[in-house]
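Quick notes on the structure that follows.
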Amino acid sequence: MNINVANLLNGNYILLLFVVLALGLCLGKLRLGSIQLGNAIGVLVVSLLLGQQHFAINTEALNLGFMLFIFCVGVEAGPNFFSIFFRDGKNYLMLALVMVGSAMILALGLGKLFGWDIGLTAGMLAGSMTSTPVLVGAGDTLRHTMANGSSLQQAQDNLSLGYALTYLIGLVSLILGARYLPKLQHQDLPTSAQQIARERGLDTDSQRKVYLPVIRAYRVGPELVAWADGKNLRELGIYRQTGCYIERIRRNGILANPDGDAVLQVGDEISLVGYPDAHSRLDPSFRNGKEVFDRDLLDMRIVTEEIVVKNSNAVGKRLSHLKLTDHGCFLNRVIRSQIEMPIDDNVVLNKGDVLQVSGDARRVKSVAEKIGFISIHSQVTDLLAFCSFFILGLMIGLITFQFSNFSFGIGNAAGLLLAGIMLGFLRANHPTFGYIPQGALNMVKEFGLMVFMAGVGLSAGGGINSSLGAVGGQMLISGLIVSLVPVVICFVFGAYVLRMNRALLFGAIMGARTCAPAMDIISDTARSNIPALGYAGTYAIANVLLTLAGSLIVILWPGILG
């Protein structure tokens, strides 16, 4: 049996789509040195090559892909988005605005200088910033502002061409900038990180190991009573000295949970909870007593839960204010916008932050009720909330403002982004509403993006040869300028106007570019994960601003030409 592959793919849009995705994802795993091509550029390259052979898919698949992607971006940004505006995120907001604004101005200027159309200009901006939200926002606005016809098709083709030509330039130049720019400035990055650590009491170990606490039991002997010297448990401060706390005491056969006024007596049997290394630091007077194996004394169900910060008595407060150890709980991680933060007693908690806490199940539940709620570990998505807010986003996108002879529509990109932010924000405040497992959200977001990239590549592939010869060199130079110059502008603005600590500043710059590989390099250079504080500060707002920049550059383009 002979199978004509070309006819088979042309006659089956779904098969063609998944062939493009599979080949593109394989290509995306290739590495150039230490740099991985990535899924987005892999799918785009494969779709452009197949597009040259006149393969095409239904444009509705492209539209659905970008809608799913941009909605999920909003959902991820929602929990921490508003804290950027209403609290101590002013510097991070200003840095993100400077980064996105300067890049957009440079792109508009270079587009006019070289005589490009809006498709090439917006595509170059998206590729240079390695930002698919720019590409999505620009593509949606093009469809809403240009009449269907050859001009719209040409602009959409050039949009994907500009992105494909400049993406690797933007990624490689930013990674090299992250590696060498810190060495060109006067302040040493590790020293800056240590300065923040001293000021805030931070743990600078970026590879902090996390263990579950363990429980062991001892019989109190004369040496331990002598060491206690008649002090009660509160006065002894055993946790401050050892990192362990006394969970239970058996005295005269009676098992009880001690309070701070309890005084140890010879013959008591005590259970201590702490990390393994904390047990090894116990005073010898503990270990000289006989270790006991009492089923009831050791019967404690240690759990690890993720607690979402929500309540007013925790939001805006320092981590030390929670006094988790006083409640018999251990803090393992602090996560903000899916970014692991340093364990810092002085860090100010935002609504939507996630604290990973270990301890006795009852104690962890009690702490969760005080500061927020335990994140649901369900694999079931609240599809009703997902679909309802998706519809709301589409309805918002239909809103059009009329100013004399000029009309401006919000568009699907901005509408879905806003609806996604609303859903994410409400999810961070109501534990049973709108739950979407992170794995499911990542899958929908990534799949939507890949479908969108496949669609734009197949649409643009037919005209790539003629366009590449005309603008290839201009694109490469422009991509380098738009990638690096805003980074330098942000550094100067942050260092000499905002006077930010360099470790936080470089982290914030990489967050404004939403580039995780460059962030890893900054952390390695600083020999600390302290730059993650700055990265988390700008990341959420930058994703939103980049989407809006894609729409705004299309709206402003006619005025630039005029």
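Including glycine, each Cβ sits where the backbone N, Cα and C put it.
Taken from Swiss-Prot as is:
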TRANSMEM  8-28  transmembrane segment
TRANSMEM  37-57  transmembrane segment
TRANSMEM  66-86  transmembrane segment
TRANSMEM  94-114  transmembrane segment
TRANSMEM  118-138  transmembrane segment
TRANSMEM  158-178  transmembrane segment
DOMAIN    202-288  domain 'RCK C-terminal 1'
DOMAIN    290-373  domain 'RCK C-terminal 2'
TRANSMEM  383-403  transmembrane segment
TRANSMEM  406-426  transmembrane segment
TRANSMEM  447-467  transmembrane segment
TRANSMEM  475-495  transmembrane segment
TRANSMEM  541-561  transmembrane segment
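Pairs of Cβ atoms less than 8 Å apart link the transmembrane segment (541-561) most often to 118-138, out of 8-28, 37-57, 94-114, 118-138. Packing against the transmembrane segment (158-178) from elsewhere in the chain are residues 35, 37-38, 40-41, 44-45, 48, 116-117, 119-130, 135, 138-139, 142, 456-457, 459-460, 463-464, 467-468, 471-472, 475-476, 478-480, 482-484, 487, 506, 510, 513, 515, 517-519, 521-522, 525: each is 6 or more residues past its ends and has a CB under 8 Å from a CB in it.
Taking every listed stretch (8-28, 37-57, 383-403, 406-426, 475-495) in turn, the largest tally of C-beta pairs under 8 A with the transmembrane segment (118-138) is reached by 475-495.
Helix, strand and coil residue tallies for the domain 'RCK C-terminal 2' (290-373), in that order: 19 helix, 33 strand, 32 coil [DSSP]. Listed as Cβ neighbours of the transmembrane segment (475-495) (distance under 8 Å, sequence separation of 6 or more from its ends, same chain) are residues 91, 94-95, 98-100, 102-103, 106-107, 110, 114, 120, 124-125, 127-129, 162, 165-166, 169-170, 173-174, 177, 181, 185, 502, 505-506, 508-509, 512-513.
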